[in-house]
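Undergrad: Input: one structure, supplied below.
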Amino acid sequence: MLYSQRGSQGSWRLLLPFVLLAAWEAGSGQLHYSVPEEAKHGTFVGRIAQDLGLELAELVPRLFRVASRDHGDLLEVNLQNGILFVNSRIDREALCGRSAECSIHLEVIVDRPLQVFHVEVEVRDINDNPPMFSAAEQRLSILESRMPGSRFPVEGASDMDIGSNAALSYKVNPNEYFDLDVKRKEEETNVLQLVLKKPLDREETQEHRLLLTAIDGGKPELTGTVQLLIDVLDANDHAPEFDESVYNVRLLENTPNETLVIKLNASDMDEGINKEILYFFSNLVPDNVQSKFTIDSTSGEIKVKGALDYEDRKLYEINIDAVDRSPFPLAGHCKVLVKLVDVNDNMPEMAITSLFLPIKEDAQLGTVIALISVSDRDSGANGQVTCSLSPHVPFKLVSTFKNYYSLVLDSALDRETTADYKVVVTARDAGSPSLWATASVSVQVADVNDNVPAFAQPEYTVFVKENNPPGAHIFTVSATDADAQENALVSYSLVERRVGERLLSSFVSVHAESGKVFALQPLDHEELELLQFQVSARDAGVPALGSNVTLQVFVLDENDNAPALLGPQAGGGTIELLFRSVSSGHVVSKVRAVDADSGYNAWLSYELQPAAGAVHSPFRVGLYTGEISTTRVLDESDTPRQRFLVLVKDHGEPALTATATFLVSLVENSQTLKVSSRVLVGPSSSDSMLVDVNVYLIIAICAVSSLLVLTLLLYTALRCSASPTEGVCGPGKPVLVCSSAVGTWSYSQQRRQRVCSGEGPPKTDLMAFSPSLPQGPSSTDNPRQPNPDWRYSASLRAGMHSSVHLEEAGILRAGPGGPDQQWPTVSSATPEPEAGEVSPPVGAGVNSNSWTFKYGPGNPKQSGPGELPDKFIIPGSPAIISIRQEPASNQIDKSDFITFGKKEETKKKKKKKKGNKTQEKKDKGNSTTDNSDQ
């Protein structure tokens, strides 16, 4: 006979997994495959690469791999075609037991960029397990006195499959005494009972043999059988009976031993010994159940004996027999179902499956750092786990799948601020009280070359004395880089450029590692006062980063240049003619010298060195002007040939000197110039040579001066024609100012001379003054002249090859209402009462532009700040420039505004106007002296 109860409830349970599967696929968005259990090796599961949107060619380069937490070898992917196939035998019962759902979770990981996919492979159950009985035969003892309709329990079979494959039906071989009744109880438990159809007769048949067959619902059907041996007993008429056939008990897991589970009570209608009942575990109760519980045979109390764990087993079925004490005992039967209730007794478990460390500090936000999986053996709320991170870290957790998280970058990293992070991941379940577990992940930040080498300051100033030895260390630059390893290795180099006509690298070099700057050759202040260059610092990163620092190297002057004489004096001697009738203070000549140094080292002083054995010399030399003048009126006692030396000395430490030899011939007023010339031609051949040199120099200077005069005339004419009411032609505004070589300061040979003119407000490019000529008793009409005993600013030393700039000297006043000229002054006294006194400012040295002058107290009245000298001497030339200022109302001849010519011709014109012939002769002598000075 076949008994099967397959109602609507059973169909719904069969459909439930498929409904849940469809809902899961719709919500997860992940791949889902299914494969039957026991599939052969190589069985096709799915085209996983195509379904994930991956190209076959990129599987190997991107390190395509499949990982499974516990079952990594069951499935495999062919990297050639991207097919997921069965790699080894899959036994669903071994994987999931009797669980309704059974699947293998795979993690598919590809790199470049990192991507993680979750794949669920459902293992479908096949009918590969037949129904099994616990024993090959079951023995029953039944009194012959039992009435028809009596029921006797029989142990059913079990099937390891699930669903319809485990839906068992039973039948027993046809016989006339017994029928089989199958009742389905909770938890899909079948209760089998043999129903007596007719009374037994022990005398007729003492033993009955029946074959019980269990049939599952699979395709094809599988069966299992058990032999039922029924012994027919005589006597006791009533068997003990329980109140219920099935008892349900709910018990917390981890219940302590000796805890009472249930107390059973059975009754027997017999009397005497046949009414006394003993309780026993049925032979159907397996040993693993008997190890967990005990039963008191007399009281019927069932107690806990062993540890109960909900995660190991959720339900226990205990079959109990109640037997009376009759010699022919009868038994009553019941079943106790013990259901365990879950307790939150399992902490969450975490596993970090992948680590992608270290992470670069310039990694993009969302970069995956680690994959984390969590699990909890509890169920319900006790098994619901949430993860969190320690605060104040630039990371976050992203849930990628059920109980799977990715640790990703949430904000930008900076290795220079924090080089590594200790990230604590906390997994906490929803139980009460909740349990948690932690795991630490050390995240190292890899350095990226994102910091430029930095100098302490953008510019350095270095002072180096000239004449340094080659290879001298002058400075050390240092830059720091906040990066690490090779990104912080700084090397130094020069930013090459040209300094004049030479490369910078011919002057200095820098050590690539230490940053020391060396001077490759001796530096010369006279050639190079300031050397400005840049040093580059670059790190060794890829790409390399760099920055520059500026070095200003000031070359300090040292007294390494002796004074040099100019003009004829440089040839070894100078011959001068002097009338005996000159007055005291008459200027005989002037010593002209230059010093290539600067500051005190270029400040020259002059001393007269009379010849050995000579009496008191009637001459003297200005201490700072170099002008040789008479100290008294000459008389007949003075020798006609005066020979003396002038010592030119600078103020350096130690001082350097040069000497100039002067030969002065005293002549009477009645002697002609020719006679004076013959006197000069003496037996000394060296004196003749000096005269010849002077003649050549005068010719050359006159030629140069002529070109200069022509240039000035052309420029003045152009300016006057372009703007007749302004500029150089404007009345009362002398705007053409030229420098004079009569100043006492030594001139630098490093600069070229230029003549400048101004328009509008007067420029301060040139200093103007007139020579200090002696004033005779009849020269009261001469204009007031400033004492030429002054000196230029140290940076504006003028000479044969230099230009005089007065950018720091102030401005000239052209007349009433014109711009002011602020003349520099010095307050100290002078050792010579008739000479002006000059001195360098305190600290004069490199680039000192504050030299000042003061007129001596013995000089005539000085020109006021609103007055200009009436004539100017062109340096190194016998020509002079005369400037006449007329009132604005007068009509002047523009051709006479500026006159050029030799000094003696100019003086003759002046004296002719005055009509003083005696003064003309005296001026002629003075003019001759001045020409010889030039």
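Even glycines carry a Cβ here, placed using N, Cα and C.
Since this is a predicted model, take the numbers as computed values, not measurements.
So TrEMBL says this about it:
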- 1-29: signal peptide (SIGNAL)
- 34-133: domain 'Cadherin' (DOMAIN)
- 134-242: domain 'Cadherin' (DOMAIN)
- 243-350: domain 'Cadherin' (DOMAIN)
- 351-455: domain 'Cadherin' (DOMAIN)
- 456-565: domain 'Cadherin' (DOMAIN)
- 585-685: domain 'Cadherin' (DOMAIN)
- 695-715: transmembrane segment (TRANSMEM)
- 753-792: region 'Disordered' (REGION)
- 772-784: compositional bias 'Polar residues' (COMPBIAS)
- 813-840: region 'Disordered' (REGION)
- 884-934: region 'Disordered' (REGION)
- 893-907: compositional bias 'Basic and acidic residues' (COMPBIAS)
Undergrad: So which of 243-350, 351-455, 456-565 has the most C-beta pairs under 8 Å when paired with the domain 'Cadherin' (34-133)?
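TA: Looking at each of 243-350, 351-455, 456-565 in turn, the most contacts to the domain 'Cadherin' (34-133) are made by 351-455.
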Undergrad: Mean pLDDT over the domain 'Cadherin' (585-685): what is the value?
TA: 79
Undergrad: For the domain 'Cadherin' (243-350), what does DSSP give as the number of helix, strand and coil residues?
TA: 8 helix, 48 strand, 52 coil
Undergrad: Would you mind splitting the domain 'Cadherin' (456-565) into helix, strand and coil residue counts from DSSP?
TA: 7 helix, 53 strand, 50 coil
